[in-house]
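This report concerns only the one structure given below.
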């Protein structure tokens, strides 16, 4: 008799029993006797017991008992039970008359299912699927999950539950992405900085080798972490766009790059020398070519080839004017017995020298010295002619010697002829005479 068992099971929850030796009836736990009606009524523990449930638990009254359930995961009651309403008010069986021996009556009473359950056609309490019947109270951001006797509201991925509401989780705060993170409702997306690409895991970034994929540089591409740099070949410099290379004009950097002339070329430069010079192994310095030594001159047999810096000079044989006589290839003498030689220098010696253009000054360029020293004689050195520009002077360095000093830089090409006179004075024999060095100075065109 399964139906009778179910009725007895429910009836036992609120059974009135006579107490031996006491005429008053008693009720089971969770019920209290209503003396006016003589019925056992449910006790609302949620109202009568202080702090029946503590913390985040909520008290739910039931017939003969109460439950504590979490506030954040409420379980809603079925249509046959409402703990917040007054107890069941249907007809209860009358109190049994006192008997000498207990005799439990059979009480006919409707079956009441616990909340979250409902009666099926076979009078069985079955779970109510609140999620399927749309009888839940989950908000649109939540997912309804049916449970035995109730349901729970859960949050979808990307949300977390707070005070009954599903709030978006800001995944970007927790460093889910390696580089750039964009939070969106319920999710997030990772992106990478320029120069990187997103890996298959959707979170980490990998460097893009721009040099291997597109090679944006005109000359040399060097891949770097997250970017690239362009480099230029020697002799070129990188333009402002960081991609193109333009020729570097090395000649404009310094006037001392080459000794003579700097010639710029795409990606390089070279030094050149003027005619009469050759370029040395350092590829910048120029050295004079000795045309006279290499017989690369145009002098005839009567002339003498004199090498200059950057050229040569064909010197004609000297001509001694009257009353002088030529006594060698470079010397003229005025005979003492000739009356015309009384006030003339005794000898004229021809000398040649060259100096570079713009030579630094002061510079000692020529030395003059008496070949014979007579007792009681002294010597005076002076520039007799050719120094109209006051570019030279004679400095006596000893009793019988002097030095020609250049005092001003001279720009070439230029030829200068100086007559340097040495006067001999002898007071013992009352003698005064002189001799002259006719110095021809060739100033080169270049300062080397």
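Including glycine, each Cβ sits where the backbone N, Cα and C put it.
Record features, source Swiss-Prot:
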- 1-23: signal peptide (SIGNAL)
- 42-82: domain 'EGF-like 1' (DOMAIN)
- 138-153: disulfide bond (DISULFID)
- 155-166: disulfide bond (DISULFID)
- 168-206: domain 'EGF-like 3' (DOMAIN)
- 172-181: disulfide bond (DISULFID)
- 177-190: disulfide bond (DISULFID)
- 192-205: disulfide bond (DISULFID)
- 207-246: domain 'EGF-like 4' (DOMAIN)
- 211-221: disulfide bond (DISULFID)
- 217-230: disulfide bond (DISULFID)
- 232-245: disulfide bond (DISULFID)
- 245-448: region 'Interaction with LOXL1' (REGION)
- 247-287: domain 'EGF-like 5' (DOMAIN)
- 251-262: disulfide bond (DISULFID)
- 258-271: disulfide bond (DISULFID)
- 292-305: disulfide bond (DISULFID)
- 299-314: disulfide bond (DISULFID)
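Where Swiss-Prot records a feature, it is marked here on the structure.
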residue: 138; record: disulfide bond; Cβ neighbours (10 Å): 19
residue: 153; record: disulfide bond; Cβ neighbours (10 Å): 21
residue: 205; record: disulfide bond; Cβ neighbours (10 Å): 19
residue: 211; record: disulfide bond; Cβ neighbours (10 Å): 17
residue: 221; record: disulfide bond; Cβ neighbours (10 Å): 18
residue: 230; record: disulfide bond; Cβ neighbours (10 Å): 20
residue: 251; record: disulfide bond; Cβ neighbours (10 Å): 17
residue: 258; record: disulfide bond; Cβ neighbours (10 Å): 21
residue: 262; record: disulfide bond; Cβ neighbours (10 Å): 20
residue: 292; record: disulfide bond; Cβ neighbours (10 Å): 17
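Across the domain 'EGF-like 4' (207-246), DSSP assigns 4 helix, 16 strand, 20 coil. Remark: secondary structure over the domain 'EGF-like 3' (168-206) totals 4 helix, 16 strand, 19 coil, with classes taken from DSSP.
Helix, strand and coil residue tallies for the domain 'EGF-like 5' (247-287), in that order: 3 helix, 16 strand, 22 coil [DSSP]. Checking the disulfide-bonded residues (153, 190, 211, 221) against residue 232 (disulfide bond) with a 10 Å Cα-Cα cut-off leaves 221. For the domain 'EGF-like 3' (168-206), the mean pLDDT of the prediction comes to 93.
The two recorded residues, residue 305 (disulfide bond) and residue 192 (disulfide bond), have Cα atoms 81 Å apart. The Cβ of residue 177 (disulfide bond) lies under 8 Å from the Cβ of 188, 190, 191, 203, each on the same chain and at least six residues away in sequence.
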